[in-house]
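What Swiss-Prot annotates here:
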SIGNAL    1-24  signal peptide
CARBOHYD  N79  N-linked glycosylation site
CARBOHYD  N109  N-linked glycosylation site
CARBOHYD  N231  N-linked glycosylation site
CARBOHYD  N242  N-linked glycosylation site
CARBOHYD  N341  N-linked glycosylation site
Amino acid sequence: MDVGRCFLFLLLPSFFFLPSQTQSTDSFTSVLVSQNGLDFVKNLLVNKAIASIIPLQIPRIEKSMKIPFLGGIDVVVSNLTIYELDVASSYVKLGETGVVIVASGTTCNLSMNWHYSYSTWLPPIEISDQGIASVQVQGMEIGLSLGLKSDEGGLKLSLSECGCHVEDITIELEGGASWFYQGMVNAFKDQIGSSVESTIAKKLTEGVSDLDSFLQSLPKEIPVDDNADLNVTFTSDPILRNSSITFEIDGLFTKGETNQVLKSFFKKSVSLVICPGNSKMLGISVDEAVFNSAAALYYNADFVQWVVDKIPEQSLLNTARWRFIIPQLYKKYPNQDMNLNISLSSPPLVKISEQYVGANVNADLVINVLDANQVIPVACISLMIRGSGALRVMGNNLGGSVSLEDFSMSLKWSNIGNLHLHLLQPIVWTVIQTVFVPYANDHLEKGFPLPIMHGFTLQNAEIICSESEITVCSDVAYLDSSQQPQWL
């Protein structure tokens, strides 16, 4: 991987994404890279860039001249190779339209072969010599400026400026009568310096071009499971400030098979990713609409119905246990087994505030009697369940859990007369606590992927709640290929 490709792989954690076929004009997820994050990326970039270009071959250099009384002289420098490069200092800077990264005070060591020959006309003979040389380049500065623009839901990468400047070169010859030819070979300093500059600049240019092509081949969505993806199209140009860069992403759940984006959600305000003290490298803001789009998708896909036929207190699923609660049920169906059918009547609604993350769930609870091979519905109770949530970051996923706060009931219909709902409350509470909540938590704890670039993982993440959104503030660690999850 060359320098330009390394740069964007490391700098833009949200480059994992490309446009999908449909795009919302609203953004529901924002990714902010702070100055600490930029510095981390810069340091990683420098190390990766050096490793990617070393050894670097420089084109051979030839020089011919004529000297009175000696005749024609030919000097060739070949196998010129940069084998070591050290960066004294570097910085990354954000401009109005792009990113600049500069490495200064750079030194590099090169090896080369030299060959010298000349022919004389008096007497007509040819003299030659050869050897090796060590070259040290000092005071080199390397700069790269990249433009970032939104392009049909993706990001367009362009090279604004690229350069390399060599301040000084020292050449030490070995082999042959090297002491005799040292001065002549020193005349190659300017040419060697120019070749080093142009070769490194060419590598940078090729790298940016390769990466721009590479971005177009990346996946269009992040898969969540077999039924859902995350729409991760960019909704605007990156927002560049003095010490941060922010990417605005659609972020809503989509239906995987049809690539259908749920468009019934609206962002209430412009997201401001705020991490206290800007001490974390990365801030990811997720609007509550993202959670509600997931709820709506799974509701529409009919993944929200449960038949309860086993519970910890199994005797509750027999009419004998209900004879004092609903006498008419026991009278009509004595000692009959039962099951409970729970289905959501509308998508759950998630609400986020500074003090609270919660969800309201509307469900229907149908009481069924099992008579021989028949399932006989006898009553339906409407439930309004209120739960509180706890969020946590697991790897690069945002997951959590829910606990029951309270619930209310109303009778929707009954084939066994009127019901005293207050007598049913302990049973319904038990069912919700032992069946509904654990089922929900089994799915919630898996979470969904946050927009993190391939090869990186969140570290020491914190979650901050604000009005209608949550923000994940985190440092970032880079994983080598042996540590990276296979699905990335």
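Using N, Cα and C of the backbone, Cβ positions are placed for all residues, glycine too.
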Self-check item: Integer Å distance between the CA atoms belonging to N242 (N-linked glycosylation site) and N341 (N-linked glycosylation site)
Solution: 57
Practice problem: Determine the minimum-neighbour residue: among N231, N242, N341, listed as glycosylation sites, which Cβ has the fewest other Cβ atoms within 10 angstroms? | Solution: N242
Exercise. Check N231 (N-linked glycosylation site) against DSSP and tell me helix, strand or coil, would you?
Key: strand
Quiz item: In DSSP terms, helix, strand or coil for N109 (N-linked glycosylation site)?
Solution: strand
Practice problem: Can you figure out which of N79, N231, N242 (the glycosylation sites) comes closest in space to N109 (N-linked glycosylation site), comparing Cα atoms? | Solution: N79
Self-check item: Secondary structure at N242 (N-linked glycosylation site), reduced by DSSP to three states
Solution: coil
Quiz prompt | For N79 (N-linked glycosylation site), nearby residues of its own chain (Cβ under 8 Å, 6 or more apart in sequence) | solution = Q57, R60, S111, M112, N113
Quiz item: Can you tell me how far the Cα of N242 (N-linked glycosylation site) sits from the Cα of N231 (N-linked glycosylation site), in Å?
Solution: 29
